[in-house]
Amino acid sequence: MSKRLLAALEYPNADNINLAEEKTLRNVVVWLELNKFQRAKQSTLNGLKNVSSKDWTIHFDDYKECFGCPPLSSQVEEVHWLLGQAIQNETSKNRNVYLKHAVENIKTSNVPSVVAENPLDKLDFRSTEFGNRVNQLAKTLKIVPYPDPLVTLQAVRKVICTRLTPDCVEHPDKYIVTGTPYPFQDADLGFDLHDKVLNQAAKVLRMLYIHDLRDLQTKANELIVAVQNVTANPKTDTKLGQVGR
Amino acid sequence: MVVRNYNQELEYLEKINSYCWKIKKGFQPNMNVEGVFYVNQTLEKLMLDELRNACRPGMVGGFLPGVKQIANVAALPGIVGRSVGLPDIHSGYGFAIGNMAAFDMGDPNSVVSPGGVGFDINCGVRLLRTNLFEQDVLPVKEQLAQSLFDHIPVGVGSKGIIPMNSKDLEEALEMGMDWSLREGYIWAEDKEHCEEYGRMLNADPSKVSMRAKKRGLPQLGTLGAGNHYAEIQVVDEIYDKWAACKMGIEEVGQVCVMIHSGSRGFGHQVATDALVQMEKAMKRDNIETNDRQLACARINSVEGQDYLKSMAAAANFAWVNRSSMTFLSRQAFAKQFRVTPDDLDMHVIYDVSHNIAKVEEHIVDGKQKTLLVHRKGSTRAFPPHHPLIPVDYQLTGQPVLIGGTMGTCSYVMTGTEQGMLETFGSTCHGAGRALSRAKSRRNIEYTEVLRRLEDMGISIRVASPKLVMEEAPESYKNVTDVVNTCHAAGISKKAIKLRPIAVIKG
């Protein structure tokens, strides 16, 4: 891993580096400071440059402090951490270069770009006016508002998308599931968190999970039925039948 | 082997509580773990009487008593936890029927034993519900029984009415219920309400002998003989309203169809073939067992793997078989009531296997382990929220279908957390024999059996009336005792009681 980081930083002959060797490790630190970070005080830098000195470690401890490097179990790991830091610097410096290759950008570069004016972008989602209007909307749709109006808005969207489509308004029976009530409060949760409120929350999560699972199973069934429409051809031939003794 | 008298034997048995006995190490030689069995007062007497009889001087031959068989299983290499005997236990080939045992897949010495699965591989029970009530069915009960009898061929040597060639069979062996789905014999929802989704993925038809395939081909879609049956049942009592509700059972009087069948001659041949291979493997690998009938092979040996693959193919055979009979039952009902099976809401409530070995994850001594769980005459009973049970039963636990004997009640139970801990998520499978087949033939007259069923208002169609007395309720333990014991011991929970109004049998 260190080798790949060094290679990415264009360290000379990075493939044959062995950080376990003390001398190599010290050279790498000096190279990093000189070519990448350039943040050390002159005294520290001089101390680091003197790679065969006994006091090198003291200077190194000083040095890594100015990056806020956490104390790690070995110098190799600490250098690894520094390498990561250097890579991060490089990436943020060349952010534009990398972004050019991001998926969205590749896609849009092939399509003539139409800058759509989205009026919602100009909205101030934190204003009281926005909050009040969202809560009003929620009230009309009989949704309990949540302190964050954006979350309430999400719920509003969900209700509109599932229950207020033209087809759903015309044939509500097709969409509104009339399930039988189940006393889930009495159901065994399967574990105990020793906290009434947490248990309650876990139960709700269980229900949501089961709901999702049911949805997935229903979709799987629909898929099977679609395949059956092509493959199914059940046959019986009573002439073959024979009752035994 | 040491010969002990009955009282000396009893010293190795200890009653832990009113429903559970422990079999201590030393009861049989080389026991790796202890044994345990679940009984109530009545069943306890049967169990101990059997042991007492076997202790009488001069008693040789026949099967060993159930307790001895549980202990012999406890001496097999790689067994973990305990060797468990369920309330319906009775002597069988090697393993007692109603014995479950789990082997550590991580232990290279662990074994798989065909005797721990049984000859009727993936014998099991399927329950269909309808939206009909008793009063809808009673006037046409005889016609309906006849119609079922006409659709589902029964008896020894019966042949099915679904045309199949050898290519179809190969595909069915590999695909299990997915084959039935592809061919359009069943509904998509049937698959989700079936143990293992009706398909063992490790099935390999190439490991199955030609002989087994030849025997199996004409038998697909037939019920078979012995204790197998198809019954029209009526909900008699609901113990757990919400579990019943999840199963689509709303009220007492609702009509259901129960199908109890297995892999017919196919599974029998697979087991027979495997036993021959196992004996060779035992000699080669120096595997010692207390009983020659406990032939086994290391799970990772060629013989062990071949058996598991062919057993899986036989399991798939059984699921296709029960699926074909589901199709035929739906046809019979649809013809009788002149509506589609959809309109009759004839959904599969569940389908359980009670003769099978499966790889499962369990907690043993606080650690999660991968085990090969043998269930012979024992049903899987997983608790609520277990990832391997259908989404509709996540809150109630897996439905467990307990078929009664001809003319007696059947039950639906649900799996519990306690069962998961104590018995590797296993419970009983039915009534369990009390008398051997030969003995019941001597004791009971078949006309008498048929007359009594008639008196109870049960329509019956049988292929061979003379074999009926083997299956008479007297030959079995009382299924209510068995179910109540499991319920009281907490290893599963009663949900619904069903009583038959029409029976078809081999």
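Note that the numbers count up from 1, one per residue, in the order the chain is shown.
Placed from the backbone N, Cα and C atoms, the Cβ positions cover glycine too.
Bear in mind that TrEMBL entries carry predicted annotations, made automatically and left uncurated.
Sequence annotations record features per position, and here TrEMBL assigns Mn(2+) 1 binding site to B:D120, B:C123, B:H228. Secondary structure at B:H228 (Mn(2+) 1 binding site), taken from DSSP and collapsed to helix, strand or coil, is coil. All protein chains considered, the CB of B:H228 (Mn(2+) 1 binding site) has 23 other CB atoms within 10 Å.
B:C123 (Mn(2+) 1 binding site) falls within neither a helix nor a strand when secondary structure is assigned with DSSP, and so counts as coil. Taken from TrEMBL, the feature Mn(2+) 2 binding site applies to B:C123, B:H260, B:H354.
A 10 Å cutoff on Cβ-Cβ distances gives B:N227 (GMP binding site) a total of 23 other Cβ atoms nearby, all chains included. Residues annotated as GMP binding site in TrEMBL: B:227-231, B:354-355, B:403-406, B:S410, B:429-432, B:K505.
Its Cβ placed at the centre, B:H429 (GMP binding site) has 29 other Cβ atoms within 10 Å. Residues or ranges marked as active site, GMP-histidine intermediate by TrEMBL: B:H429.
Taking the C-alpha positions, the distance from B:G432 (GMP binding site) to B:H260 (Mn(2+) 2 binding site) comes to 14 Å. Nearest in space to B:H429 (GMP binding site), taking C-alpha to C-alpha distance over the binding-site residues B:D120, B:C123, B:H228, B:H260, B:H354, is B:H354.
For B:A230 (GMP binding site) paired with B:H260 (Mn(2+) 2 binding site), the C-alpha to C-alpha distance reads 6 Å. Counting only the Cα atoms, the space from B:H228 (Mn(2+) 1 binding site) to B:N355 (GMP binding site) is about 14 angstrom. The binding-site residues under consideration are B:C123, B:A230. Their Cβ neighbour counts within 10 Å are lowest for B:A230. With every protein chain in view, the residue among the binding-site residues B:H260, B:H354 whose Cβ has the most Cβ partners within 10 Å turns out to be B:H354.
The 10 Å shell around the Cβ of B:G432 (GMP binding site) contains 25 further Cβ atoms across the protein chains shown.
When Cβ atoms from all protein chains are considered, those within 10 Å of B:T405 (GMP binding site) total 23, not counting its own.
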